[in-house]
Amino acid sequence: MTKLITTVKEMQHIVKAAKRSGTTIGLIPTMGALHDGHLTMVRESVSTNDITVVSVFVNPLQFGPNEDFDAYPRQIDKDLELVSEVGADIVFHPAVEDMYPGELGIDVKVGPLADVLEGAKRPGHFDGVVTVVNKLFNIVMPDYAYFGKKDAQQLAIVEQMVKDFNHAVEIIGIDIVREADGLAKSSRNVYLTEQERQEAVHLSKSLLLAQALYQDGERQSKVIIDRVTQYLESHISGRIEEVAVYSYPQLVEQHEITGRIFISLAVKFSKARLIDNIIIGAE
């Protein structure tokens, strides 16, 4: 049965005992409202580690002033039930006051990796992500930590953070988990209207169009961006906020495509902002 831990002190006590006995720990950092994408990461951890910890913490530092912190779905009882079914050992669900007992004396600034794409539209977002992930790594001391490739920029930033701060953890990127029709699973999908849900499938279809263009030899980013944008404009009512081509994981905007890239989309529907991406090309 999955154990619910609600304080940093108790979590650290468990971790210290586990480390003394040579136990391996896997961590899946989440903000809750779990879906099959999260559960895929839990299953991967359970198959690899002696102890699997799922953190459920809605981190206020990664929400902007006009974003949905208060409205973000919170369903800890359901989350606990879901991860129990797939074998998680611990759900770490601390209070904000426990994670941030006072004003932070040191600000974490990510730098150039956070100046593009999602980071450019949400200033300070990735500073908040890196702050909380650093704290979780220090509290849980995982051997492996699992992140979804759906948030590809976040994954690249966390991998750089691990390198820069010498964290003794291996980051495992998990492929995007999709609905049967191709829509990337997301906690925010519940905000879509019935019509928007039908339209949202075209995000993944537009990425498959981009992949086909690349496979046919197209290497001009503008051509791919224009074709994807045209496709989306003719199939969705949401506002297209971004269609971009960047190197991966360096996150440098590409004009003439060389090497590994990721194509990123962001679309704003009435009450949900959806992102999706595809990573293609040689490393």
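Even glycines carry a Cβ here, placed using N, Cα and C.
Keep in mind the model is a prediction, meaning the values are calculated, not measured.
Annotation source Swiss-Prot lists ATP binding site at 31-38, 148-151, Val177, 185-188. Taking the Cβ of Val177 (ATP binding site) as reference, residues of its chain lying under 8 Å away and at least six apart in sequence are, in sequence order, His35, Asp36, Gly37, Thr40, Gly148, Lys150, Ala184, Lys185.
Summarising the environment of His38 (active site, proton donor), the number of other Cβ atoms within 10 Å of its Cβ, over all protein chains shown, is 27. For the recorded site, His38 (active site, proton donor), the DSSP three-state label reads helix. As annotated by Swiss-Prot, active site, proton donor applies to His38, with the evidence given as sequence analysis.
The Cβ neighbour count for Gln62 (beta-alanine binding site), using a 10 Å radius over every protein chain in view, is 21. What Swiss-Prot records for Gln62 is beta-alanine binding site, and it gives sequence analysis as the kind of evidence.
Residues or ranges marked as (R)-pantoate binding site in Swiss-Prot: Gln62, Gln154.
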Considering the binding-site residues Leu34, Lys149, Gln154, which residue's Cβ sits among the greatest number of other Cβ atoms within 10 Å?
Leu34
Could you check which of the recorded positions (His38, Gln62, Gln154) sits closest to Ser187 (ATP binding site), going Cα to Cα?
His38
Mind giving me a neighbour count for Ser187 (ATP binding site)? Other Cβ atoms within 10 Å of its Cβ, every protein chain shown.
18
Expressed to the nearest Å, what is the distance separating Leu34 (ATP binding site) and Gln154 ((R)-pantoate binding site) at their Cα atoms?
18
List, in sequence order, the same-chain residues at least six positions removed whose CB sits under 8 Å from that of Met31 (ATP binding site)?
Val56, Phe57, Val58, Asn59, Tyr72, Ser187
Just to verify a number: CA distance, His38 (active site, proton donor) to Lys149 (ATP binding site), in angstrom, no decimals.
11
